[in-house]
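Notes follow once the structure below has been shown.
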Amino acid sequence: MASESGFLSSDSSSEDCDQKIIAFSKKTSNLDKMTAAYSSIISHVGEDVNRQGLLKTPDRAAKAMLYFTKGYEQQLDDILNDAVFDENHDEMVIVRDIEMFSLCEHHLVPFNGKVHIGYIPNKKVLGLSKLARIVEMFSRRLQVQERLTKQIATAMVQAVQPAGVAVVIEASHMCMVMRGVQKINATTSTSCMLGVFRDDPKTREEFLNLIHK
């Protein structure tokens with residue numbers, strides 16, 4: 001809480017510090033448990049977790065998994081960080097070829113590809129880098145491509161309340177390459193069209209033509 005002078009009170013500062021300590025303790029506890037779990041997995045596939053090449057693998061794998069899923073710790077407001085600006089521009093804005101990496105929630109193997117985002121502002125625009133950060137936040141979770149596509153589009157609506165949003169993701173799934181049907185060249189495309197992109201075929205067609213130029 002701020003005092004009359006405008007400075008944070010010692011109680012507020014102490015509370016923030018306590019929350020950071022709790023978050024750090026929880027993360028450390030999670031890391032220890034995940035390290036033990038990876039050690040168990042390695043052992044159960046028939047490997048010796050004590051041999052030189054694998055001694056630090058459980059710890060490395062646990063840290064990597066925490067990084068791959070760091071999106072669970074992020075919120076949209078934190079990502080936006082006040083980068084929403086008043087602007088009268090009312091024509092299409094497109095950021096295409098945003099690289100994306102995620103983990104399939106079914107087999108915990110990667111899928112990666114590119115995200116194309118278009119929107120038509122309604123008196124507000126979003127800092128361009130924030131579109132990439134929105135993609136990063138949702139892709140750094142256990143995902144399916146269909147849900148990821150919709151989450152990105154919904155976040156754009158929450159951020160700037162545009163006249164319309166279009167999101168297309170084109171990705172390759174390692175669960176189709178490394179196992180199962182083992183189709184190396186297969187790609188999956190998903191889309192989410194909201195507002196004018198859903199209601200107006202010409203607007204939708206313009207977006208699709210522009211992202212594939």
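A Cβ is built for glycine as well, from the same backbone N, Cα and C atoms used for every other residue.
Remember, it's a predicted structure, so these values are computed and weren't measured experimentally.
What Swiss-Prot says about this one:
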BINDING   Cys104, His107, Cys175  Zn(2+) binding site
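What Swiss-Prot annotates, mapped onto the structure for a quick look.
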| residue | record | Cβ within 10 Å |
| --- | --- | --- |
| Cys104 | Zn(2+) binding site | 18 |
| His107 | Zn(2+) binding site | 14 |
| Cys175 | Zn(2+) binding site | 15 |
Near the Zn(2+) site, what residues other than Cys104, His107, Cys175 in the same chain have a C-beta no further than 8 Å from the centroid of the listed C-beta atoms? Leu103, Glu105, His106, Leu108, Val109, Phe111, His173, Met174, Arg179
Sort Cys104 (Zn(2+) binding site) into helix, strand or coil using the DSSP assignment. strand
